[in-house]
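Annotated features, as they stand in TrEMBL:
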ACT_SITE  LYS214  active site, proton donor
BINDING   GLY10, PHE11, GLY12, GLY13, VAL14, GLY15  NADP(+) binding site
BINDING   LYS114  NADPH binding site
BINDING   GLU199  L-homoserine binding site
DOMAIN    10-133  domain 'Aspartate/homoserine dehydrogenase NAD-binding'
DOMAIN    146-323  domain 'Homoserine dehydrogenase catalytic'
Amino acid sequence: MTTFRVAIAGFGGVGRATANLLLSRRGRYREVYGADVRLVAVCGSRAGAVSADGLEAAQLATLEDGLSGPALIEESAADILIEAGPSDFRTGGPGLAYLRGSLSAGRDTIVISKGALVHSGRELKALAESSGALLKLSGAAAAALPTIDLVVHSLKGCEVLEVEGILNATTNYLLDAMTTRRVGFDEALREAQLGGFAEADPRNDTEGWDTACKLLLIANFGLSADLTMDDLDVEGIQSVTTERIETWRGQGLVPKLVGRLWRENGAIRAAVGIRTYPPADPFANIRGKDKAIRIVTDAMGETLAIGSGKEPLATAAAALKDLEHILAARTS
Ligand SMILES: NC(=O)c1ccc[n+]([C@@H]2O[C@H](COP(=O)([O-])OP(=O)(O)OC[C@H]3O[C@@H](n4cnc5c(N)ncnc54)[C@H](OP(=O)(O)O)[C@@H]3O)[C@@H](O)[C@H]2O)c1
């Protein structure tokens, strides 16, 4: 039995869901991988909990002030970090310091927040390569919808020619409500905010930035591109009017906010914008908060995946899928 010590930095909805799911799956890790997985540290921005023997669920209810920061992760002697703090692609956010510390120390790292990977992906990838740490990001790259795993594992050996994705649940919900129920943008947004899946300030979603971040991660970490946000044309849905929806309806078309990758003159290009689909196209039938990805390859043709997991459990499960990949790699 090999012991794996896991720390979680960022202990909000997703961090807590990940901790609880991990604790409930310890038996599985023992049986399948011969791995004794212990949760040795968790922390939010100001408080945390630590135990070398492994924290139990009851110990996660009350955190101790002052236990936080990359130094805490270091002191916990964690073998694996799961980073689930706030995402800020313009600065890298608080996650950047955790990821730099962890990857340079050779610690296998699972990233759920997109910001640092978008802001400093090239540097973080290089740190992982030079230290030998495994860097996984299923939770950051559309979580409940498999994206990077599809291109890296399922379509291995094929050349990916094009990727098209409905990658943001909020914008899909808004456009779907406007199209199928004929509600206006503001009303649909209020519904999404009341439902708890649109932020009070929804611009990161509605202006297309969240889709752009996920697309960039798929490109850089799935297809070995080296794109920055400046390489992407990004259009959102904030100025879609009911009149425009009616025009598309009259033409028999369904609008979706889509991130797209394609090859041009040997380079990977990327853009986010509204595309319209005829009713028979699978993308026209991605409803509500669902997400989808369509990947075209040279040898396996077209692959389509649709994700409809409930949050935050689905994101926690995506991060723990990464954990199982790490356990498999480190126990083989
Ligand atoms: N919610 C979803 O369904 C979903 C899906 C996919 C990806 N994500 C990503 O997952 C991440 C977490 O989302 P969430 O919904 O759990 O957010 P959340 O509830 O706001 O939690 C964020 C956590 O990060 C902590 N934090 C802030 N600064 C920190 C620092 N310097 N060091 C350590 N922790 C720090 C906060 O601490 P305090 O508690 O002290 O404020 C809080 O515990 C985000 O990046 C989000 O984009 C979320």
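Backbone N, Cα and C define each Cβ position, glycine as well.
Reported as a whole number, the C-alpha separation between GLY12 (NADP(+) binding site) and the residue listed as 'L-homoserine binding site' equals 15 Å. Taking DSSP states H, G and I as helix and E and B as strand, the domain 'Aspartate/homoserine dehydrogenase NAD-binding' (10-133) has 57 helix, 23 strand, 44 coil. Across the structure, PHE11 (NADP(+) binding site) and LYS214 (active site, proton donor) are spaced 22 Å apart at their Cα atoms. For the binding-site residues GLY10, GLY13, counting C-beta atoms within 10 A of each C-beta gives the highest total at GLY10. Comparing Cα positions, GLY15 (NADP(+) binding site) lies closest to LYS114 out of the recorded positions LYS114, GLU199, LYS214. Counting Cβ atoms from all protein chains shown, LYS214 (active site, proton donor) has 26 others lying within 10 Å of its own Cβ. Between the CA atoms of GLU199 (L-homoserine binding site) and GLY13 (NADP(+) binding site) there is a gap of 14 Å. Note on the domain 'Aspartate/homoserine dehydrogenase NAD-binding' (10-133): its mean pLDDT in the predicted model is 98.
Highest local Cβ density among the binding-site residues GLY12, GLY15 belongs to GLY15, counted as other Cβ atoms within 10 Å over all protein chains shown.
Summary of the NADP(+) site environment: with the site residues GLY10, PHE11, GLY12, GLY13, VAL14, GLY15 set aside, the chain residues having Cβ atoms within 8 Å of the Cβ mean position are ILE8, ARG16, ALA17, THR18, GLY44, ALA84, GLY85, PRO312.
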